[in-house]
Amino acid sequence: MTIALGKFTKDENDLFDIMDDWLRRDRFVFVGWSGLLLFPCAYFALGGWFTGTTFVTSWYTHGLASSYLEGCNFLTAAVSTPANSLAHSLLLLWGPEAQGDFTRWCQLGGLWTFVALHGAFGLIGFMLRQFELARSVQLRPYNAIAFSGPIAVFVSVFLIYPLGQSGWFFAPSFGVAAIFRFILFFQGFHNWTLNPFHMMGVAGVLGAALLCAIHGATVENTLFEDGDGANTFRAFNPTQAEETYSMVTANRFWSQIFGVAFSNKRWLHFFMLFVPVTGLWMSALGVVGLALNLRAYDFVSQEIRAAEDPEFETFYTKNILLNEGIRAWMAAQDQPHENLIFPEEVLPRGNAL
């Protein structure tokens, strides 16, 4: 038996190699294989959003004006979700709903599914871009792992939550005021602020902001005074290899302030990565729970006592009444097709009224 030793040579004109060479070439804007997913999806998502907020009404889906053409501004314009009657239809332009009619497709809310799906794949493409570049320059993939947090939140809020409900109608519309209304909806129908996963998300995001501020200030405070420039930006050569701040001094300072301090940079920066990403993942898990209508904390004993004793009230019972008011107002406004009528006697009243 003969064993051939040596490197296997492929045809130099192999199509894959030609594509790989062109896609991964060093240029001003790196393309890469991930760019085949990222750039088209990001282009279509942004293009669909700009088109919808500029021209497309929400009269047929929500009974609202939602475009610049109708008098909205940047804060009130939105690409609105499809009507509740369309359930979870993908609303393809060539599908049975629009039948290739672009105007009808826009009226039905087709731009929302278009933006949501292309946006999700665009974000995934951006994460793959970070993986690809990290591999090319031999870095660890922690940037891509960190970016999984925002992707998890986007997918859970815009896709998984409405999939758990009766249709895309209950997802957020793509607009500033529309997102605010969705937040109020989450509070009224799910008591979201009392959900422990939301609490972890808030702790992660605000904790990360605090860590960022502390870290930036500490590094600025402990910069070496070895430059000749008039300020921080001119004092150092951007390509210098040596360290420009003192970790030892920073450790001594925070040890005196708190009694404890990070002893090395790896643990410090891993903690700065861990806090926000874990918070985002926890909030995404919480939204998945809401998609299934899971309850969070219900302090029933306080509700019963407040109902029996006019003089007993807690911040929790006040918030529950507020949630009932949100539901009574929003349900009738957002779902007129349900013909919801709430008589005066069933509307919530606090013990003080």
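Backbone N, Cα and C atoms are what each Cβ position is placed from, and that goes for glycine too.
Quick look at what Swiss-Prot lists:
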BINDING   H118  chlorophyll a ChlzD2 binding site
BINDING   Q130, N143  pheophytin a binding site
BINDING   H198  chlorophyll a PD2 binding site
BINDING   H215, F262  plastoquinone binding site
BINDING   H215, H269  Fe cation binding site
MOD_RES   T2  N-acetylthreonine
MOD_RES   T2  phosphothreonine
TRANSMEM  41-61  transmembrane segment
TRANSMEM  125-141  transmembrane segment
TRANSMEM  153-166  transmembrane segment
TRANSMEM  208-228  transmembrane segment
TRANSMEM  279-295  transmembrane segment
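Feature annotations (Swiss-Prot) mapped to structure.
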residue: H118; record: chlorophyll a ChlzD2 binding site; contacts (Cβ under 8 Å, 6+ apart): C41, A42, F44, A45, G48
residue: Q130; record: pheophytin a binding site; contacts (Cβ under 8 Å, 6+ apart): P141, N143, A144, F147
residue: H198; record: chlorophyll a PD2 binding site; contacts (Cβ under 8 Å, 6+ apart): W192, S283, G286
residue: H215; record: plastoquinone binding site; contacts (Cβ under 8 Å, 6+ apart): L268, M272
residue: F262; record: plastoquinone binding site; contacts (Cβ under 8 Å, 6+ apart): N251, W254, L268, F271
residue: H269; record: Fe cation binding site; contacts (Cβ under 8 Å, 6+ apart): none
Next on the checklist: With contact taken as 3 or more Cβ pairs under 8 angstroms (pairs 6 or more apart in sequence), are the transmembrane segment (279-295) and the transmembrane segment (41-61) in contact?
Outcome noted: no
Next on the checklist: In the three-state scheme derived from DSSP, which category covers the residue listed as 'chlorophyll a ChlzD2 binding site'?
Outcome noted: helix
Next on the checklist: Using a Cβ cut-off under 8 Å, which residues of the same chain at least 6 positions beyond either end of the transmembrane segment (41-61) come close to it?
Outcome noted: 67-70, 72, 77-83, 106-109, 111-112, 114-115, 118-119, 121-122, 125-126, 169, 173-175
Checklist entry - Across all chains shown, how many C-beta atoms besides its own are within 10 angstroms of the C-beta of N143 (pheophytin a binding site)? => result 15
